[in-house]
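What Swiss-Prot records for 1-38, 101-115, 176-199, 278-285 is topological domain 'Extracellular', and it gives sequence analysis as the kind of evidence. Annotated N-linked glycosylation site per Swiss-Prot: Asn5, Asn196, in sequence order. Residues or ranges marked as transmembrane segment by Swiss-Prot: 39-63, 76-100, 116-135, 152-175, 200-227, 254-277, 286-310. Among the features that Swiss-Prot reports, topological domain 'Cytoplasmic' is placed at 64-75, 136-151, 228-253, 311-400. Among the features that Swiss-Prot reports, disulfide bond is placed at Cys112-Cys186, with the record citing sequence analysis. What Swiss-Prot lists as N6-(retinylidene)lysine is Lys297. Residues annotated as S-palmitoyl cysteine in Swiss-Prot: Cys323.
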Amino acid sequence: MYSGNRSGDQGYWEDGAGAEGAAPAGTRSPAPLFSPTAYERLALLLGCLALLGVGGNLLVLLLYSKFPRLRTPTHLFLVNLSLGDLLVSLFGVTFTFASCLRNGWVWDAVGCAWDGFSGSLFGFVSITTLTVLAYERYIRVVHARVINFSWAWRAITYIWLYSLAWAGAPLLGWNRYILDIHGLGCTVDWRSKDANDSSFVLFLFLGCLVVPVGIIAHCYGHILYSVRMLRCVEDLQTIQVIKMLRYEKKVAKMCFLMAFVFLTCWMPYIVTRFLVVNGYGHLVTPTVSIVSYLFAKSSTVYNPVIYIFMNRKFRRSLLQLLCFRLLRCQRPAKNLPAAESEMHIRPIVMSQKDGDRPKKKVTFNSSSIIFIITSDESLSVEDSDRSSASKVDVIQVRPL
């Protein structure tokens with residue numbers, strides 16, 4: 001996979017990595033596109049991004065494995081996202097980092113294929129996970145449907161299969177992986193006018209950008225509308241319900257912020273590739289290309305920071321990890337297993353309205369916080385689950 005040949009055809013690189021007639025990556029190595037100082041700075045930036053990405057995402061995985069209270073279906077999606085970001089930090093920038101140290105691409109065609117495949121696969125996993133997470137928020141907040149681990153694991157399996165299909169297509173002949181414009185990594189052939197290659201680029205934009213972004217916007221738009229409507233319902237104005245509504249809003253904000261930050265980091269890369277596809281590749285210089293690449297890879301650093309600062313359970317778990325004995329004495333009941341805490345359902349609000357309106361009992365699950373209002377206080381929760389919609393009205397879900 002390693003090639004020590006540093007001599008090359010400068011004209012090939014001036015036309016761009018995706019120019020027609022370009023030789024496969026590794027058969028011809030380019031002359032340096034940047035100065036030695038620039039390569040050193042790029043290596044330093046990539047090394048810092050990789051270290052921060054590995055450290056932050058490993059911390060998320062450690063917290064999830066150590067603290068049972070974090071083991072919920074929603075957190076499982078966050079862990080899958082962190083796993084994808086961790087793999088990007090470990091494998092997605094390795095060849096580019098080594099090439100920066102050698103002042104240019106030094107790998108053969110197999111190395112180029114692996115670099116393009118790994119970067120594409122883990123990037124697709126991230127955007128698809130954020131899309132599924134938005135849908136999960138949507139069905140739980142808007143439709144008050146509770147998902148379980150079985151649903152979450154199936155969704156994660158489909159996420160990886162879907163991403164693997166898109167990343168593996170160029171290896172099977174639908175488009176190909178070639179050296180990028182900056183000459184330090186590989187990507188799909190954006191410039192090719194061949195019908196086979198251009199059709200892949202078109203469907204890739206639709207399947208991995210337009211559709212996911214559309215689903216994310218639709219889901220969070222409905223979540224925002226539903227939360228505002230629920231806050232206007234007079235019967236829900238109890239202290240506990242108001243707290244839950246605020247909690248739902250915070251969770252939705254956190255998930256939306258993750259999607260927004262991810263798309264913001266990838267937007268320069270998407271714009272530059274869109275210019276190349278539409279015949280404006282001369283505007284995308286190697287410097288512009290590598291800067292957009294660095295912005296895209298920086299997305300792996302931000303998600304762990306968002307978890308810690310916006311998710312109270314992750315924040316408390318981190319503090320408990322750092323000061324275990326002190327917090328264990330202060331909060332002995334906080335580290336109960338998730339399965340144990342979900343077994344008991346208890347009433348939290350009893351409200352009596354004036355007139356002939358029956359007494360209403362609001363119950364909830366102490367882990368997933370499912371509010372159930374029944375018109376008959378003698379009706380048990382088990383009976384409520386089997387009763388018709390006229391007797392039971394599920395009005396809110398707290399998922400984490």
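Glycine is treated like the rest: Cβ placed from N, Cα and C.
The distance from the Cα of Asn196 (N-linked glycosylation site) to the Cα of Cys186 (disulfide bond) comes to 19 Å. For the recorded site, Cys186 (disulfide bond), the DSSP three-state label reads strand.
Secondary structure counts, DSSP: the topological domain 'Cytoplasmic' (136-151) has 9 helix, 0 strand, 7 coil. Around the Cβ of Cys323 (S-palmitoyl cysteine), 11 further Cβ atoms fall within 10 Å across all displayed protein chains. Scored on C-beta pairs under 8 angstroms, the neighbour of the transmembrane segment (76-100) with the top count among 200-227, 254-277, 286-310 is 286-310. Taking every listed stretch (39-63, 200-227, 286-310) in turn, the largest tally of C-beta pairs under 8 A with the transmembrane segment (116-135) is reached by 200-227. Put plainly, the disulfide-bonded residues Cys112, Cys186 were compared by Cβ crowding within 10 Å, and the winner is Cys186.
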